[in-house]
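Following: one structure in structure tokens, then a few remarks.
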Amino acid sequence: MELLNIKNLDLAGKKVFIRCDFNVPMDEFGNISDDRRIRSAVSTINYCLDQECAVILASHLGRPEGEVVDKYSLIPIARRIQHLLRREVDLASDVVGEDALKRASELKSGQVLMLENLRYEAGETKNDKELSKKLASMADFYINDAFGVSHRAHASVEGITHFFDDKHKAAGFLLQKEIDFLGKIIQNPVRPFAAIVGGSKVSGKLEALINLLPRVDKVLIGGGMAFTFLKKLGYDIGASLVEDDLLEEAGRIMDEAKKLGVKFYLPVDVVVADKFSEDAISKIVSYQEIPPLWMGLDIGPATVRLYGEVLSDVQTVLWNGPMGVYEMDKFARGSNKIAHFVADSYATTIVGGGDTADLVQRIGVDDEMTFISTGGGASLELLEGKILPGVASLIRKKG
């Protein structure tokens, strides 16, 4: 799909609102542990500054649920952006309050203003029209460079676009790059095409799994979500994470895979622990022998070998979601091994999702991946063939 191009806008000396995705992982001390998403936005910001624009940056961080929560403040983000841009970044104390509106109206060419966390406003996730209008009133132009949230119909992503005509809005360089690359994979993936899907819950990836099945040849399941599938097959999963309300859906996914001839793999062994802790007692067991009150926190070595074999002949790999609780060293081995399998393959490799991107960076194989998407849910929805809400109004109209 062809998007409205930032280079076709007459930005010189104007005020530009850039929706970025600075929802980056933070450590327990409030430090940024992976600034990839921040660095990815710099080219669009610098392009606007080169046009002598006054730049307003907006993002969310975490899920403050419409309230001001200090730990979700964008103070560390503004500090990091300031370092990357090598110029002062002014942080407003609110989103569309008196302070933000005053600073936005007084912003001069070459200056950068960052609004506080968009999700401090309850209307952001509700796609509130009044909030969209207030955000739009701050600038002459709107740029969406937040691929990671473009699957959300939120005020700063979708609602705001209705207050700008096609000559005053466009995709940023990062959004364009993501759409272009993933679009090629959708249209013509080199086969066999495997999807590795992990993470804690089926619920967040249920629809994506259903819609991906007709497009892929193999699906490899890991992470906490595997136990919902195993329970549906009748196995005792102890105290492992399970979504009982989705057991029927899990069954439907497996039935659909069988019908389509898609090979659907589940773990054959797991690393279980007596509690969710780094100092837990752990052991490796078959998926048929998970003890009562123990929980599965990683895939086991037999599963790692099986998945390595399954991936040995694939030509395209989409990986979304870790294989276990990779944040704890004791339960990171499965994810780390799969990361090395993917990195060492000759396949086109696409990594999607913040946790998976964080994982491959932690173990130093990020440069071996063909493409690391800044969006997890967004990349899955795009690969399903959906038009993302944040992209829909940025598509160039024919004729």
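Cβ coordinates come from backbone N, Cα and C, glycine included.
Look at Swiss-Prot and you will find Asp21, Phe22, Asn23, Arg37, His60, Leu61, Gly62, Arg63, Arg119, Arg152 tagged as substrate binding site, backed by sequence analysis. The DSSP secondary structure for Asn23 (substrate binding site) is coil. Within the same chain, the residues at least 6 positions away from Asn23 (substrate binding site) whose Cβ sits under 8 Å from its Cβ are Arg37, Ser59, His60, Leu61, Gly62, Gly148, Val149, Gly354, listed in sequence order.
Summarising the environment of Thr356 (ATP binding site), the number of other Cβ atoms within 10 Å of its Cβ, over all protein chains shown, is 27. Sequence annotations record features per position, and here Swiss-Prot assigns ATP binding site to Lys205, Gly296, Glu327, Gly353, Gly354, Asp355, Thr356 based on sequence analysis.
His60 (substrate binding site) counts 28 other C-beta atoms within 10 Å of its own C-beta, drawing on all protein chains shown. Long-range Cβ contacts of Arg119 (substrate binding site) within its own chain (separation 6+, distance under 8 Å): His60, Leu61, Gly62, Arg63, Pro64, Glu65, Gly66, Tyr72, Thr125.
Nearest by CA distance to Asp21 (substrate binding site), out of the binding-site residues Lys205, Gly296, Glu327, Gly353, Asp355, is Gly353.
Fewest Cβ neighbours within 10 Å among the binding-site residues Gly62, Gly296, Gly354: that distinction goes to Gly62.
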